[in-house]
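Here is what TrEMBL records for this protein:
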type	residues	note
ACT_SITE	K105	active site, proton donor
BINDING	K69, K93, S349	substrate binding site
BINDING	T189, N220	NAD(+) binding site
SITE	D145	site 'Important for catalysis'
Amino acid sequence: MSTTGLLETIIRHVCTCVADLGLDAETEAALTMPMRELHVSIPVRMDSGKIRVFEGFRVQFNDARGPTKGGIRYHPDESLESIRGLAAIMTWKCALLGLPLGGAKGGVVCNPKELSEAELERLSRAYIRAVSRFIGPDEDIPAPDVYTNARVMAWMMDEYSRIAGRNAFGAITGKPLSVWGSEGRVDATARGGWYVVEEAAKDAGIDLARATVAVQGFGNVGSHAARLASILTGAKVVAVSDSQGGVMNREGLDINRLIEHKHATGGVAGFPGGRKVSSADLLTLDVDLLIPAALENAVTQENAGEVRAGIVAEFANGPVAVAAESALEENGVLLLPDILCNGGGVVVSYFEMVQNATLDHWDEAEVDRRLRKQMKDTYHSVHEKALISGTSLRRAAYSIAVTNTLDAMRTRGWV
Ligand SMILES: NC(=O)C1=CN([C@@H]2O[C@H](COP(=O)(O)OP(=O)(O)OC[C@H]3O[C@@H](n4cnc5c(N)ncnc54)[C@H](OP(=O)(O)O)[C@@H]3O)[C@@H](O)[C@H]2O)C=CC1
Ligand SMILES: O=C(O)CCC(=O)C(=O)O
């Protein structure tokens, strides 16, 4: 799964809107160029006593609608180019969901699996020191993404607070509950995705209680997506994979046992309750619903024609390459776009910001009630737009997101 080409993919989606809306070249440039980016070197003392220098990024793509928001990714293949693409996705996601936020993303080129806990903490704190003047509760608010988690967010919030000389809980979201994270943030992305899938399945006349599901990726988003499948909809997860391989069972996988197996062994492969399947083959299994929940470009021009799922729900960011979309469409696959489908994470991050700013704490039921409404309402506005304009859900979602952002840019006199 390559991370290259993501920004081009997003630019193509935006340029389609620019053409649909009859916008000029200058407006197109303003919508497709990142507003600000920071490229940092991060010296970290390793456990050996030696210094190692890591490369890090934070890209703020567009802040016309509010402070920028988006996760921080730790991955060996990270690049400024892919972070730009992910920051662009955040801009359109927040605008589509009607949040008073712009879009950003950060990343560090590293393999956290090779770092000790102490090294990971020093790296996370050093990253925050490197970007501290660029972020903040009113400017740009990071959150977890691939290979970062609530523990990392706690270190980051603490480091930011030390620099600020005060508690700045609202500077980072996705924190543990003990330092004022939000109830429900941990599974918000997966839960929000299922709320969208539920509505889309109803519109498509698909009974989820009888549906089979394959999930690629078994981290935060993928494991909660698999766990919540039967709880929320009755759907049966028959295949899952992670970076080491996959496992399938036509009768359904026992997800709680699979989570325990992953904790014990580090991977889903070798789970006794199923047989081996590769992560690539999982994408073309005969299932009703495919949930790519790992990295970008999982479904490409090469394998799109072989996808047999009726619905592909992009729980990951950018898992379907732009060149793959026409093949999916020709085969009648319903594609639920990332900026709609995985918005639950940033929605609950926004709830966390609101709770931090007002010194409030909402219970899980309250968070869930608000999340469910926001995801379902957004799905219906996208679906209605797609029906009226006779376009795909992706094109309709981008049209709403770009129009919302453009309204703010125009009102502020930027274009
Ligand atoms: N966390 C969040 O709140 C949000 C995340 N997202 C997006 O969801 C996606 C997943 O993020 P998240 O779950 O947080 O990240 P995690 O780091 O928690 O999990 C990533 C998962 O992807 C797996 N993976 C990596 N490479 C491959 C591969 N080649 N084939 C199969 N699986 C692979 C990893 O495997 P292994 O376990 O073996 O390392 C891991 O299970 C990303 O696109 C992210 O941007 C979107 C919205 C919000
Ligand atoms: O929770 C957030 O602020 C951002 C989540 C994120 O990085 C994403 O939606 O891709």
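For all residues, glycine too, the Cβ spot is worked out from N, Cα and C.
TrEMBL feature annotations superimposed on the structure.
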residue	record	contacts (Cβ under 8 Å, 6+ apart)
K69	substrate binding site	M90, C94, L99, L101, G102, G103, A104, D140, I141, A143, T173, V346, S349, Y350
K93	substrate binding site	G103, D338, I339, N342, G343, V346, A401
K105	active site, proton donor	R58, V59, F61, G70, G71, I72, R73, I83, R84, L86, A87, I89, M90, D145
T189	NAD(+) binding site	N220, V221, H224, F315, N342, G344, G345
Which recorded positions from the list K93, D145, S349 come close to ligand 1, meaning a Cβ under 6 Å from one of its atoms?
D145
Around the substrate site recorded as K69, K93, S349, what other same-chain residues have a C-beta within 8 angstroms of the site's C-beta center?
G70, M90, C94, L99, L101, G103, A143, G343, G345, V346, V347, Y350
Which of N220, S349, all binding-site residues, has a Cβ with the fewest other Cβ atoms inside 10 Å:
N220
List those of the recorded positions K69, D145, T189, N220, S349 whose Cβ lies under 6 Å from any atom of ligand 2, in sequence order, or write none if there are none.
K69, D145, S349
Could you state, as a whole number of Å, the largest distance between Cα atoms of any two of K69, K93, S349, the listed substrate binders?
13
Suppose we draw a 10 Å sphere around the Cβ of D145 (site 'Important for catalysis'). How many other Cβ atoms does it contain, all chains included?
25
